[in-house]
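As recorded in TrEMBL, the features of this protein are as follows:
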| type | residues | note |
| --- | --- | --- |
| TRANSMEM | 25-50 | transmembrane segment |
| DOMAIN | 43-294 | domain 'G-protein coupled receptors family 1 profile' |
| TRANSMEM | 62-84 | transmembrane segment |
| TRANSMEM | 104-125 | transmembrane segment |
| TRANSMEM | 137-158 | transmembrane segment |
| TRANSMEM | 202-228 | transmembrane segment |
| TRANSMEM | 240-262 | transmembrane segment |
| TRANSMEM | 274-296 | transmembrane segment |
Amino acid sequence: MFGYNRTSLQPTTFLLLGIPGLEAAHIWISIPFCLVYLLSLIGNVALLLIVKTDNKLHEPMYFFLCMLSVADLMLTTSTLPKILSLFWFNDREIYFEACLTQMYLIHSLSTMESGFILAMAFDRYVAICHPLRHSTILTPAVIVGLGIFVVFRGVVLLSPHPFLLRWLSYCKTNVISHTYCEFMALIKLVCTETKIRRAYSLIVAFLTGGLDFILIICSYVLILFTVFNLPSKAARLKTLSTCVSHVWVILVFYTPAFFSFLTHRFGHHIALHIHIFIANIYLLIPPMMNPIIYGVKTKRIRKGFFKLLTVKCV
């Protein structure tokens, strides 16, 4: 039996169920999860080393990409070790405070990722629409300021989340039907009124990911207007090619994010294991894909990666 705080009906621990209905397959499911985690670690650490050592990559886009990589590393490391422990050793137990901390880190770091992707979109907008002013607009001070703002926004706007859940009564169960702790999974266990807390969560989601996505779309509309006014087809294609990597990053991040958001709030008839799979794809795939996308599309990053491999081999 797992203890409860009797005065407020708060469990001292939660039990993570994993992927409901697929418990027998957890060992097999852990194999791709582990491979994705290792690729995320290797890819993002390699990307940080390459950008650090190559002066020609010391540009705003790659600085923002490094910020995104750091957020990716922190996000995967805050979730995947516990998920793998659950799959491999049936380690379902997680302390109440640890669960709230994990929930905060997941939502805060995801918000930061969205902000860094928006900053990268701003870089593309300035580079294409105001190329002569790119270096004067995106100065080192501005880059640092944008990075600090994105981190500050993620920290501050998501800080109430643990406190919104900390003092509630969890009288239904202490079993979380998920592989990790997240806001909507926890709020479903509460037996008191949660409308205000759910409303705050929706508002924060709109003010961060939702607003970021709208601004990214606006920036690319302006970019397309500029590109279509260029005199030749070759110039248009060359200019658009500088955005391909970033567009892929946007699709990889926001597609599973929106699916996860919509299935949680409106997909009540979707099987629970589908919910969980989509939520895990949202956490797992973008951190793995971001360095791969830029490695494939950026020659200097690709060369830097092969250089790292040869150094390791020697």
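Including glycine, each Cβ sits where the backbone N, Cα and C put it.
TrEMBL annotations: computationally assigned, not manually curated.
A Cβ distance under 8 Å defines the sequence-distant neighbours of the transmembrane segment (274-296), meaning residues of its chain 6+ beyond its ends; these are 18-20, 33, 36-37, 39-40, 43-44, 46-47, 65, 68-69, 72-73, 75-76, 79-80, 83, 106, 113, 177-180, 182, 245, 248-249, 252-253, 256-257, 259-260, 263-264, 267, 302, 305.
Count of Cβ pairs under 8 Å against the transmembrane segment (137-158): among 62-84, 104-125, 202-228, 240-262, the largest is for 104-125. By number of Cβ pairs under 8 Å, the transmembrane segment (240-262) is matched best by 104-125 from the list 62-84, 104-125, 202-228. Within the model, the domain 'G-protein coupled receptors family 1 profile' (43-294) carries an average pLDDT of 92.
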